[in-house]
Amino acid sequence: MTLLTLQGIRKSFGAVDVLHGVDLSVEAGEVIGLVGDNGAGKSTLMKTITGIYRADTGSIELGGKDILPLDPGQRRQLGIEMIYQDLSLAKQQDVAANIFLGREPTKKLFGFLPGFVDKAEMDRQAAKMIERLGAHLPSINRSVGSFSGGQQQTVAIARALTFNPRLVIMDEPTAALAVREVQSVLDLIRRLKSEGIAVILISHRLNDVLAVTDRIVVLRHGRAEANLVTAKTNMNEVVGRIVGGGDTSAAAAHEQRG
Amino acid sequence: MASDMAQPGFWAKVQRASVERLHIRLESLLVLVALSAVMAVLSPYFLSLSNFLNILLATSTIGVLAIAATFVIGSGGLDLSLGSVMGLAGVAGAFVAVNLGWPSVFAVSACIIAGGLAGYINGQLVTRAFVPAFIVTLGMLGLARGLALVISQGRAIYGLPPEIVYIGQGRPFGIPMPVILLVLTAVVAHCLLAYTRFGRHTLALGDSEGAARAAGIRVEHHRRIIYTLSGALAGLAGLLFTARVNAGDPTAGINYELTAITAAIIGGTNLFGGRASILGTMIGALIMGVLQNGLTLLAVQSYYQQMAIGAVLILAVFIDQYQVRKESRV
């Protein structure tokens, strides 16, 4: 079943055209690798999916429903989550505040004053989620700015997974991680897939992309240059499509070693 | 992570609990107690019930403005127009009551609405015209003050009806009305900031606008509400002041934004947003009140008081930044 369909997405910032009509479709439970050079438009494309940017033209449908007019909050409610490369955490706030930011559970104070945040419930669910991810944090009542990079990423991941997402977009989730942490992120992606959750993985680490994805979409100069089935492609072809022809064996060999 | 390895001491635990549970920094409470002790030693008049009520009364206007400053600064913004908007609101209320002769309820509403409108314009300009908050509110500082002088033709408007004077001078149960109104405002504001989604989003916005946007918070909309709220609170402060001095004075509130912002910063509000508490701000406002009251009792000229407030502001930001740097090193 097709979960997400993008057609003819165009986006420009002033005089700079970043996306020139991109088509993309994602099945439920499918893991897609999105690769391309710096400036190819990967992050911009993803932000048009989450609603941070509004596409100039084109259509975006989630489960057959047109989501183009919806704002980021509404798209999150429909199950589109993104883990940003900069993690987008509010660093002076604690773990639960970050996980539930924008979606805080509320209760009535004294039984009649509505709109009060249910902090106990937030803490309980946040602790549960962190435990499910098998992570260890010093305390969930500490501001996340006092955590290490890996711990902060755990919070960002927990935020994306707490509200039963249908699609999780990960922007360079392994770029800043140690080897063991990279493996746990790749395991997580496989687990999401087994639960029927679609994943779009943006990464420069082609080994990771080849290891975990079903399909690889190559963006080049704002166009979907290639749409490759991972099982039927190899490092050489992917690198070739990213840089666009020429002799790529040296670059590919370098990637293979890395 | 040096602080993780060492067992946190009792003092560290109390500090953390006070920040997490009560949203106040203990240091500011200590400063308040120490300052009061010094004043009590220096002046025989300081420790008395009537002087205590005097301090609270003098703090009421600044306290309401400081609550406004806490919301705006906590959200990563800045409102330099607080004092001017307060003056404009007081004149607007007096004009409606005296010059137009309308019932007091309209005059009271005029104060709040005039303030809220000025704040709304601030918010619109900051979020739609992309003029920095510093410039927008600095411009509003001039605009609102000028308009207050135009409306009042440069003279204070006297002859307010008794209901309004009661708001400023009434003493139910012996407690001055402005103090009661300040406490009520502070309680509502504290609940709003600390326990509601609105408050959490305000701090998240000040912490990281990108994170707030990614979380689906309508960032610009939220900012406009905050600036409007700030203006409306300045309007309330204008009402309290006008009612207390029994005149719509177009020069009321000059430099009050300085004291209000200082109170908020002393209370633990992060100058760059993301951390703020109304309880802390109230302690900050009391520190400013005790300082001014004490210096007055000691017969220090008001020129020096002005200098003291300026110095305290710089010192408070210095200490805050010093602590932030220390914490981010762990």
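Each residue, glycine too, has its Cβ placed from N, Cα and C.
According to TrEMBL, the feature transmembrane segment maps to B:26-46, B:52-73, B:80-98, B:104-122, B:129-153, B:173-195, B:225-247, B:253-272, B:279-297, B:303-319.
Tallying C-beta pairs under 8 angstroms between the transmembrane segment (B:173-195) and each of B:26-46, B:225-247, B:279-297 places B:225-247 first. Taking pairs at least six residues apart, the transmembrane segment (B:303-319) and the transmembrane segment (B:253-272) share three or more Cβ pairs below 8 Å and count as touching. Stretch with the largest number of CB pairs closer than 8 A to the transmembrane segment (B:253-272), among B:26-46, B:52-73, B:104-122, B:129-153, B:225-247: B:52-73. As a quick check, the transmembrane segment (B:80-98) and the transmembrane segment (B:129-153) clear the bar of 3 or more Cβ pairs under 8 A, pairs 6 or more apart, so the two touch.
Nonlocal intrachain contacts for the transmembrane segment (B:52-73), taken as residues 6+ away from its ends with a CB within less than 8 angstroms of a stretch CB, comprise 79, 82-83, 86, 133, 174-176, 178-179, 181-182, 185-186, 189, 193, 202, 206, 226-227, 229-231, 233-234, 236-237, 240-241, 244, 253, 256-257, 259-261, 263-265, 267, 269-271, 273, 276-278, 281-282, 284-286, 288-290, 292-293. For the transmembrane segment (B:225-247), same-chain residues at least 6 beyond its ends with a Cβ under 8 Å from one of its own Cβ atoms are 57, 60-62, 64-65, 67-69, 71-72, 75, 77, 79, 81-83, 85-94, 108, 111-120, 122-123, 126, 156-158, 160, 164-169, 177-178, 181-182, 185, 198, 202, 253, 256. Packing against the transmembrane segment (B:279-297) from elsewhere in the chain are residues 22-25, 28-29, 31-32, 35-36, 38-39, 42-43, 45-46, 51, 54-56, 58-59, 62-63, 66-67, 69-70, 186, 190, 259-260, 262-269, 304-305, 308-309, 312: each is 6 or more residues past its ends and has a CB under 8 Å from a CB in it.
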